[in-house]
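Participant: In case it helps, TrEMBL gives these features for our protein:
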TRANSMEM  A:76-93  transmembrane segment
TRANSMEM  A:105-124  transmembrane segment
TRANSMEM  A:130-153  transmembrane segment
TRANSMEM  A:165-183  transmembrane segment
TRANSMEM  A:210-232  transmembrane segment
TRANSMEM  A:253-280  transmembrane segment
TRANSMEM  A:292-310  transmembrane segment
TRANSMEM  A:322-340  transmembrane segment
Amino acid sequence: MLKARSRPATTRLRPRTVLLALLALLFTVVFAVVVGAGELGWQRVLAEIAAQVSGGVSPLSEREAAIVWQLRVPRVLLAGLVGAALAGAGAAFQGVFRNPLADPYLLGAAAGAGMAATVVMVFAPAVTGWLIGPLPLAAFAGALAGVGLSWAVGRSAGGSGTATLLLAGVAVTAFLTAIQTFVQQLNTDTIKQVYTWTMGGLNVSSWRDLLLALPYVVLAAVVLLASARLLDVLALGDAEAASLGVRPGRVRLLLLAAASLATAAAVAVSGLIGFVGIVVPHIVRLLAGSSYRVIVPLALIGGAVFLILADHVARTVLPGELPLGVVTAFAGAPFFAIVLRTSRGRLP
Amino acid sequence: MLPSSRRLWALLPLLPLLLLFALAGCAEREEPASASAGGGNGFPVTLRPSGAPEVTLEAAPERIVSLSPSTTETLYAVGAGEQVVAADDQSTYPEQAPRTSLSGLNIDPEAIASHNPDLVIVESDLENKLSKALAKTGTKTLVLPAPATLRDAYTQFELVGKATGHAKEGAELARRTEAEISKLVADTPKTELSYYHELDPSFYSVTSATFIGGVYDLFGLRNIADQDDPNALGGYPQLSAEHILRADPDLIFLADTNCCGQSADTVAERPGWDTLTAVRQGRVVAVGDDIASRWGPRLVDFVRTVSSTVRDAGR
């Protein structure tokens, strides 16, 4: 049972903090675009950007310019968008379930996306020439279906509490993962492809992926930002929330829908990338306070910074690519253990 | 009366068992005869595949199960096709190969034994589990691991020939393949071209340290996946799109046309790829997923594709 703890919580976000966070984000974006995998030379990339902005002469060849504008910039921006989506969704899930360990991949989002993506890879691998690829579409639909199924199972189980919903999520996840494995066994050809996808990555990303995910993430972010106050009210407990004129069930549904939408969009363009949703809101909670009016906006910005840096490591540390999900788990899991140790007793 | 007849019925399920004993008895009686007959064919023969345990076959196998697509192709090429009773689910060539749902990756000895083989050929057998299990049913297991070099591949042709009683054809296939490949290489002008071999659309590739990379090496091509160390990441690195663009390969070979629907057109549509030399000069070549991942007799087809691409590019 979670105990409400009285403490001086910062509920207002100071403009200075937001400004600092945005500056950090801007610096990270520029750093990741300019430094890249190294061989273009950061001065030349800066000169190229300056040339594009002010109309000067670019020092880059046509192909080098393509590397910067068609590969690197969309990839960095997409990493930021996915990071923001996962961290924002993580904050929302934690608030909705009043559980600091909740994560966007709970409730069958990842399993649903993985199952749908596998089905597409196995049965319709050569569908090309669509406006958007069948894979992101399937992942998106699968993620939403996974959450929807968890929700339906939780409801039909009759429990109104969050524990029922979480357990339903566990059951749905196990079931969908079993379907994925079964389908995979039918066609072992695609095992490597499925594996690559489940490790997550932005290796093959383009402006189109960015535009595909952008509207959903922006919509979800707006909903989450606007209802951050409601998350604070939920944190007080259902009875308390009701006495304040909030209907906990409806609020939960709204927030879950928004967070799931953001997760689905992120999964669709990047595969499965774990730990961002847990780690980032936690860092924010430790650094800036435990009110969701502080956590949600800062988690959105912090998630973007975290994933851009993680992706930078993924594309520069090895001669080849390192799966992004591996980097986030590498950085996230030990960090998470340390946070857990040092903050015991301070968690809500 | 009734109870005794019931007892008789109860014995009925034992009938097949009796039959089996009788057959086993027959087989045992026949064995010396076939061994002496086999003596003329070069049997008994001891096979020593590189990287796998040696196997002794007393007589020419009559019922072969092949769990390796490369070996299936070789079996047919040496004239042992009629002895093949089952092939694995990946054995797509030649067409008449008796493809089954057997898997070479997820091996099930019971399913294999149900085909009643006297020889099973697989690519790998961890801890000899399969050969031990099959030995109990009197079946021999020949492990032919993926070869590291072309020479290893030729040696496997000879081995498959010897194992199936087609030693002459096996040796001939090895000789002919080597001669054809040597001729193709000799007839192709040497170039300094660079190439990228694509395994899947997320840019998994092979380095020159792999078997496939060795084929490109024959032509003096430079592999853009090698970077600092061809042995890094097991020879199968995942490249970044940035690296490929920066390396600007002269030739692009696609081994993901069947699996993943890639083609010269889809490659040209990827962001930034329209700036690549290979794309602009129309040197994006489909090599066939199967052919470029197997070491069977169709190796010659793969080498021929590379040869003609290099020749065209040199013009």
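Glycine residues also receive a Cβ, built from the backbone N, Cα and C atoms like all the rest.
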Participant: Is the transmembrane segment (A:292-310) in contact with the transmembrane segment (A:76-93), using at least 3 Cβ pairs under 8 Å (sequence separation of 6 or more) as the test?
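Facilitator: The transmembrane segment (A:292-310) and the transmembrane segment (A:76-93): touching, yes.
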Participant: Which one of these stretches, A:105-124, A:130-153, A:253-280, A:322-340, has the most C-beta pairs shorter than 8 Å to the transmembrane segment (A:292-310)?
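Facilitator: It is A:253-280 that shares the most Cβ pairs under 8 Å with the transmembrane segment (A:292-310).
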Participant: If we skip the immediate neighbours and take only residues 6+ beyond the ends of the transmembrane segment (A:130-153), which ones have a Cβ under 8 Å from one of its Cβ atoms?
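Facilitator: Residues 107-117, 119-121, 124, 165, 168-169, 171-173, 176, 197, 208-209, 212, 253, 256, 260-261, 263-265, 267-269, 271 contact the transmembrane segment (A:130-153) from elsewhere in the chain.
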Participant: Which of A:105-124, A:210-232, A:322-340 has the most Cβ pairs closer than 8 Å to the transmembrane segment (A:165-183)?
Facilitator: A:105-124
Participant: Give residue numbers and ranges for long-range contacts of the transmembrane segment (A:322-340): same chain, 6 or more residues beyond its ends, CB-CB under 8 A.
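Facilitator: Distant contacts of the transmembrane segment (A:322-340): 79, 196, 198-202, 270-276, 278-279, 282-283, 286, 306-307, 310-311, 313-315.
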